[in-house]
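Structure first, then comments.
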């Protein structure tokens, strides 16, 4: 039987693009681990992706995961859009390169053999874990220490 894990994530950007951060909570049998990191120049979508990636990469064995995010971009991207992106060589329906492809590939790899249920929660609506992740992400964004090497400014 797989371990049942809950993950809650959020990303934040002070300006978009601008300094950003992510926050994540990983919960297993009443134990919690939090993750957060701030980046000097990034976007909100990149931080939403990073929150999910970091939490999933922290799992040491195959798990049954319920991952809650307030990002439709992440939830729809990983459950719907990614299949066609991969078929098209990481291009959109308009034959343009997929934005944030470095992180989409990393998230795809982080899924591994996990069984994941993706849950969308409304942001800033009083969901306790989402609010905590938002606080972690905002605090990290206010004190960025990392450079987002994959961020590419729009041409």
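Keep in mind that glycine also has a Cβ here, set from the backbone N, Cα and C atoms.
Applying an 8 A CB threshold to same-chain residues 6+ apart, the list for residue 10 (Mg(2+) 1 binding site) reads 22, 23, 24, 48, 51, 69, 70, 71, 123, 130, 133, 134, 136, 137. Reduced to three states, the DSSP call for residue 10 (Mg(2+) 1 binding site) is strand. Residues or ranges marked as Mg(2+) 1 binding site by Swiss-Prot on the basis of sequence analysis: 10, 48, 70.
DSSP assigns residue 134 (Mg(2+) 2 binding site) to a helix. Annotation comment: Swiss-Prot describes 10, 134 as Mg(2+) 2 binding site, evidence class sequence analysis.
The domain 'RNase H type-1' annotation in Swiss-Prot covers 1-142 and is backed by sequence analysis.
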Those binding-site residues listed as 48, 70, 134, and which of them has the most Cβ atoms within 10 Å of its own Cβ: 48
Conformational class of residue 48 (Mg(2+) 1 binding site) under the three-state DSSP mapping: helix
Non-site residues, in chain order, whose CB comes within 8 A of the mean position of the CB atoms of 10, 48, 70 at Mg(2+) 1: 9, 11, 12, 47, 51, 69, 71, 74, 123, 130, 133, 134, 137
